[in-house]
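Enquirer: Pasting a structure below so you can have a look.
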Amino acid sequence: MKKETRFHKRKIFQQLLGGFALSLIVISIATLSITSASLRHNLEEQIQQRAESITYGIEFASEGLIEIKEMLLLERIVQNYATLPAVIEVSIVDPQGILLAHSNEFALNAIEDRHYAKLHPTLALTWEQVSEQGIDKNIHTVLHGKTVVVQMLPFSSTLFNQVGVGSPADRKHRGVAIAVMDLQKMEQDALQSALSSILTMAVSALLILVFMSWLIRRLVLSPLEKINLAIIQSEGQDVFYLPTLPNNEISFLGVTFAAVFQELKAYKQMELEIVERKYAQVAQRYELATRAAKVWVWDLDLKTNIFILDQGIQEWLSYENDEFSNNFHLKTWVNYIYIDDRPLFLQALQAHLEEKTSEFYCEHRLLKADGTTHWFLSRGQVVKNKHGTSVRAIGTITDIADRKQYEAQLHATNQELIRATRLKDEFLANMSHELRTPLNAILGMSEGLQEQVFGSINEPQIKALQTIERSGSHLLELINDILDVAKIESGQMELDCTPVSVNHLCQSSLAFIKEQALQKRIQLEIKVPLNLPDLLIDERRMRQVLINLLNNAVKFTPNGGRITLEVSRQQRRADPDSADSPPQFLVKDILRIAVIDTGIGIASEDINKLFQPFIQIDSALNRQYQGTGLGLALVKRIVELHGGRVLLTSEVGVGSCFAIEFEGRHGGIEFEGRHGGIEFEGRHGGTAPTGAPSSVDLESQTEPRIEPSGPKQQEGSPLILLAEDNEANISTVSSYLKAKGYRILLAKNGEEAIALAKSENPNLILMDIQMPGMDGLEAMQQIRLDPSLVDLPIIALTALAMTGDRDHCLAAGANDYLSKPVKLKQLAATIQHLLTSLVR
């Protein structure tokens, strides 16, 4: 403080003294400049006046002498004038320019004709003007390297005329008296005078500065030093002792300092009281907050391993003061941690101290006073000094018992949900199996009877069998719809998306309803433009959507109505402010497939109900038109899985229009399809849909003509091993295949199937999956282990139709998969396909 004060003291002294010195220098320079200029001007005037007085004096003194031609006296006169200070030379020149007298006799003798122009050529012109004009002149010039003042005074015009000097032409000129003065010598004299003045002023300025320095020290610096010393002495004291000061502004400054000191002291005291009150409030709030939030702060000294913890946790753990301290060694603190959690705590702390983790984080239990445990979360970070060395670790410990309880409840709930989901899936799988197994026999027998496998039948019997088949198919559709809804709701339905021709999709879908429409005399119309891009979709699922919409149109359109399947391609401008519409996609390419009918129509208030599962808008319609209320719900969900949307417009008594739209993309994108243009892309997975063969699709093939009775079995006909435990299914499948000319081997379980496959060498195996003992999956795996049976075709026949069942069968070794109830014609075609492929 003293050093800083002295520095400021020196600075003030230097500033004041420097200011005075600068002022004196400026004043001195200005004074000298003015004095020098004035002196120079005065000297020039003096020289000019002296030169004029010399020339006038010569004119006056030489009047009589020129008339009597006293040249010697004239020489004496000009020589006398030349002895005056600063006079270089004095001359008398007649009108012809001849020197009558000159102060320098030696210079005059050096000129032969005594002509003045030869003595001073530079002054010849000036002499000529003065002699001719009769006007005196005073000029400054340089003669022989010296700065001079030349004064030329013309004589009276009658003076030389009286003496008859010169010719009549010369009488126009006058004689001239010339005085040349040394200006340089006069300037030297002036400079000496100026230097004397400068020296005098410098000495005076120095004396003034010395006096001012003494005055500044006495009147300014010394009082300031006293005030500064009083300030230093008052530090840490309650009173400011004001020293004796001169009665001036500095004394007022000292009094002001004393008053400010007292006010500052009072302010500090008030501020201290406010801080203490706020600290008490903050401490109280902090304690309340830690109690409410159940968070406490800890501090670990890494040099001493002293662990400091908020005292509030002691009360929380129900310890007495003598049982628990908030300041103890780290090892002592670890003893309060539950024994099973201590290694985890120390490991997490050590990992953070070694900078392996960015934060110390550990969930552990603490022992309460009664021996029970309580869950806490300890977290913190290392604090380093300026050298980068870890010196402390600071953090918090938080009560997380409630969270742990919620986590346990959530885990239990999740386990219960997993169990419920598993039970639901098992129930659906079992329901599917139990319902499909008898349906397989019902539909298979009715199909075989209609094909007259068991003998010829009459027309009423055929109609009865068709009724049985329709009822069974309706029941199968119901089962499939329920399973599909369950798959979608649980997120288990995956799409097998491939490029599909829009025209082929529409034509094949329309073929399914042609017979029904023909029976009701409904006119079918299809409108598909040329050069449409292929759709990247799951073909089977999208055909299911279109068939569902077309079936509904046929169902609710009166006889003689009209149904139109219309495909159009539209372009719409996207919302430029939408976050989903980047600049390159401001124009959307839309592919729209619409099913338009002239049916009964739908009221506007009922439209939103249509797409909800198990809901029908009118029970009377339900009695008139059979349905489960699942079809449109499936349509909506399948289309949305593809990234599209379903639209509906309808008017009661006029008809309805169900439309599905897919949005394409423009610009720099790879295109799918044979026609290019846009890519319509949906979400898809790698799992193939259940219930459809991978090798043969009979839905789009022309059915072969079925003979009333099958060919007679021969020894060379293919041998098929049927592994099935259900007698109804055995009877149905074996009877049909025998009628088609195949030989049949029967196995009731997996063990028998393996044994017969090895011993009888069948051409193909039909393997049921759920059989007593060894099931079909294990049996197929065992068969594939035999090198001689690796290429043996196996078709998995099972009532399991849930997600993943097909993949499980193919992974176990099956060549193809058919879900029950199986269409016997489809089964026969699949067998024929596999046997033909094997022969090739």
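Each residue, glycine too, has its Cβ placed from N, Cα and C.
The compositional bias 'Basic and acidic residues' annotation in TrEMBL covers 675-684. Annotation comment: TrEMBL describes 360-412 as domain 'PAC'. Marked as domain 'Histidine kinase' by TrEMBL: 430-666. Annotated domain 'Response regulatory' per TrEMBL: 719-835, in sequence order. The 4-aspartylphosphate annotation in TrEMBL covers Asp768. TrEMBL lists 675-716 with the feature region 'Disordered'. Residues or ranges marked as transmembrane segment in TrEMBL: 12-34, 194-216.
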Enquirer: State the mean pLDDT for the domain 'PAC' (360-412).
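Expert: Here the mean pLDDT over the domain 'PAC' (360-412) amounts to 90.
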Enquirer: State the residues, same chain only, that lie 6 or more residues beyond the ends of the transmembrane segment (12-34) and have a CB under 8 A from a CB inside it; answer 'none' if no residue qualifies.
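Expert: That would be 194, 197-198, 201-202, 205, 208-209, 212-213, 216-217, 220-221, 224.
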Enquirer: Looking only at DSSP and grouping its letters into three states, which state does Asp768 (4-aspartylphosphate) belong to?
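Expert: Once the DSSP labels are grouped into three classes, Asp768 (4-aspartylphosphate) ends up as strand.
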Enquirer: What same-chain residues, at least 6 away in sequence, bring their CB to under 8 Å of the CB of Asp768 (4-aspartylphosphate)?
Expert: Ala723, Glu724, Asp725, Asn726, Asn729, Gly776, Leu797, Thr798
Enquirer: Summarise the domain 'Response regulatory' (719-835) as counts of helix, strand and coil residues per DSSP.
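Expert: Going through the domain 'Response regulatory' (719-835) residue by residue, I get 57 helix, 24 strand, 36 coil.
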Enquirer: For the domain 'PAC' (360-412), DSSP counts of helix, strand and coil?
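Expert: When I sort the residues of the domain 'PAC' (360-412) into the three classes, I find 12 helix, 30 strand, 11 coil.
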